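Annotated compositional bias 'Polar residues' per Swiss-Prot: 724-745, in sequence order. If you look up Swiss-Prot, you'll see 92-144 marked as domain 'PAC'. Under the heading N-linked glycosylation site, Swiss-Prot lists N449. Residues annotated as region 'cNMP-binding domain' in Swiss-Prot, with sequence analysis given as evidence: 594-694. The region 'Disordered' annotation in Swiss-Prot covers 720-751, 845-910. Residues annotated as topological domain 'Extracellular' in Swiss-Prot, with sequence analysis given as evidence: 283-298, 362-370, 420-463, 485-490.
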Amino acid sequence: MPVRRGHVAPQNTYLDTIIRKFEGQSRKFLIANAQMENCAIIYCNDGFCELFGYSRVEVMQQPCTCDFLTGPNTPSSAVSRLAQALLGAEECKVDILYYRKDASSFRCLVDVVPVKNEDGAVIMFILNFEDLAQLLAKCSSRSLSQRLLSQSFLGSEGSHGRPGGPGPGTGRGKYRTISQIPQFTLNFVEFNLEKHRSSSTTEIEIIAPHKVVERTQNVTEKVTQVLSLGADVLPEYKLQAPRIHRWTILHYSPFKAVWDWLILLLVIYTAVFTPYSAAFLLSDQDESRRGACSYTCSPLTVVDLIVDIMFVVDIVINFRTTYVNTNDEVVSHPRRIAVHYFKGWFLIDMVAAIPFDLLIFRTGSDETTTLIGLLKTARLLRLVRVARKLDRYSEYGAAVLFLLMCTFALIAHWLACIWYAIGNVERPYLEHKIGWLDSLGVQLGKRYNGSDPASGPSVQDKYVTALYFTFSSLTSVGFGNVSPNTNSEKVFSICVMLIGSLMYASIFGNVSAIIQRLYSGTARYHTQMLRVKEFIRFHQIPNPLRQRLEEYFQHAWSYTNGIDMNAVLKGFPECLQADICLHLHRALLQHCPAFSGAGKGCLRALAVKFKTTHAPPGDTLVHLGDVLSTLYFISRGSIEILRDDVVVAILGKNDIFGEPVSLHAQPGKSSADVRALTYCDLHKIQRADLLEVLDMYPAFAESFWSKLEVTFNLRDAAGGLHSSPRQAPGSQDHQGFFLSDNQSDAAPPLSISDASGLWPELLQEMPPRHSPQSPQEDPDCWPLKLGSRLEQLQAQMNRLESRVSSDLSRILQLLQKPMPQGHASYILEAPASNDLALVPIASETTSPGPRLPQGFLPPAQTPSYGDLDDCSPKHRNSSPRMPHLAVATDKTLAPSSEQEQPEGLWPPLASPLHPLEVQGLICGPCFSSLPEHLGSVPKQLDFQRHGSDPGFAGSWGH
């Protein structure tokens, strides 16, 4: 797998940088978009919300002139200066009287700072707010010694000046007076009021408020002076690569890769030559020879010294090499890198880099040879580097086999050195020359001579023979030509056989299992990567987009390690799944105010429905026109919301975007694009899943709806999938029958198409209706046209009532038994001609009754859903004159009574103003957790077709 590079894609870290610089300074600021018509507020921090008492939802999209903060005592001149500064895109300090949400007022010092993009155009404004009373209180609370010290400096300047110099009219006097005012600049560094010069509390109180206004309105500092910092203080609003410290080396840079390979070769050299040098090359004659010359006589010693220097340099480089923390962030700060290295591999690297043979050179001790040999083995600690460097290749089968073979050979080399050391140390003390070195000398004809230290086999003969013995013992071959004779040699041989059996069984016996295990993750990675590359090649994706795809895939793989969370969770029981999901989403469920007060069972049910998504910079989460079926919660990173490529809002951690589910019964469409500025982690939940859980916990639903604050509502107010049940008259979703304010709460209106399906005569006399989006109509004329249409509909209703009266005789012929007095019912008759007719059903002594005013029923007289389901016309709150609609055919016509329904009749239909809960007429979910007026939203009734249509008659049983 590739090197873990961390978050290296270009990111727009504008908001993150601002918040990070403001941390710990108690700033209250907001950000406004200068490219919008009213400079709308696109972000405000928590300090601003706490200062004024408004929530972020209430502040977003407000004009940055902050008219909602003004009151009756707010001076218009200050408001004008603020507006003029925003209009002219210039820096300004304004002292203004603002009001909090609780109607309390206070004097506020506002700093206006324009933000320019890379082209030099002002695109945003940062407005910082400070309570002037708090600033004065901070200055007055300084210690007496500090105030005396500041007064001594100011007093010496004023008392020892020339006569008339410090007068109030001179420039020096003005400067001194202004210096006594607590100066405020929008600093991103540590802000310390103790550093500002001022006089005593009494001198501060002498300055009149209008004088402060006069001096603060003429501030003309540049942005760099206002911010009092360098270039990295206020970043440009654009995609920026992660900033790296000047003298820091990236851990994935080409230089670091070459250096790592060089260090790897040096480690291998150390692992091979250190045991060989300690066992074979250090002897008494070698030590005496070294004592006669300098340290650089032996070439191998010089090479060891160079290797030690290289490892010391590597330690220094490690102190300046970036690393990736647990949040996948590239850390380049030198202090954090040093702390991380100290806690990690520093101790091992430091011990392995000590040149012990150089430190004890020419000590003159007899134990020098043994001590040097033992201390040289400390360099083997550098093998830990091999594990670190070669870990990335552990998933490749060929590399694993090669590493295993190298490990086997290295262990055999070490054992050979130990085998020779045992024979060499034991040989002088043996009475009978039976050691393996003496046997080797006899076989080679190079016997040892006690008087000649240089006698015996050569170093090469001894090393090759020892290596041959260890390899034959490890592989359990053992030809016997080199055999252990002494007890020490036999004990060592037993240990070698045990090690060999374990290595042989674990490595060579399980090669196929090792390859299969190591290939499992790599095979999945390369399979997915191959699909991505084939997709890029087939569709000819351009290089910039191709790089984004590959980087996102690699980052997503390192983020999830190729684990499919859904597949993993399916293998566990539901109770354990809920616990796992509750742990994964614990930060959101614990800190979001909307979920406070929820029981453990409710939180578990919500956690199962939540999904986690990760977005790289530049990724579009929601497009314009997308159906808003998901609610998003930001847990890390920042996003921007754009309309026509203009930023209308910037959201960060703990913000929520989508649509307020409680205000709309059906999902709407997005009115903007949502794009990630940085690497973002988001929690999302489907609308239907949220409502399903809240239906199961109705007690928590009310608390949730009241506490849920959607930071930015993406719903397009001009349209949606279905018309909202509580849309105001004049909306484009329905233009037929409109209800009054109190009637709109009771039932949704019936559209003109519904009425024309029942009575086709209406359609002939109605004027042609144009789409509200047609350019022929002016939106200002809609109320007049709607009023005229209502009058026409009223006239049509009057004519329909007269027709009902004329058809009374026909209804009387169909009655088989008398009806109770005081009630009149209406049925829809479908005779053989398949023509629908609205006719009343009444007894012979019952008059049709007075017509309904305006053709509508008051809400209290409208039948409820439960009454309709029970098919019972008994309504205590219903008027005696309220009609009950029923559908009848030639075969099922029967008298309709208020006390019973004859068999064969359809259940009584509701008022035309009510949704019908008849199977086949209504489609759509009903969520009891929604507010009462959004509980059930029917689709349009299937009454548009005329009764003569055969399909219509078939639907009623013909």
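Any Cβ shown, glycine's included, is placed from N, Cα and C.
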When DSSP is mapped onto helix/strand/coil, what comes out for N449 (N-linked glycosylation site)? strand
Let's see if you can do this one: DSSP helix, strand and coil counts over the domain 'PAC' (92-144), in that order. 10 helix, 30 strand, 13 coil
List, in sequence order, the same-chain residues at least six positions removed whose CB sits under 8 Å from that of N449 (N-linked glycosylation site)? S455, G456
Counting by DSSP, what is the helix, strand and coil composition of the topological domain 'Extracellular' (420-463)? 24 helix, 2 strand, 18 coil
For the topological domain 'Extracellular' (485-490), DSSP counts of helix, strand and coil? 4 helix, 0 strand, 2 coil
Whole-number mean of pLDDT values that fall within the topological domain 'Extracellular' (485-490): 89
Per the Cβ under 8 Å criterion, with at least 6 residues separating them from its ends, the topological domain 'Extracellular' (485-490) contacts 419, 422-423, 426, 430, 434-436, 439
For the region 'cNMP-binding domain' (594-694), what are the DSSP-based totals of helix, strand and coil residues? 23 helix, 44 strand, 34 coil
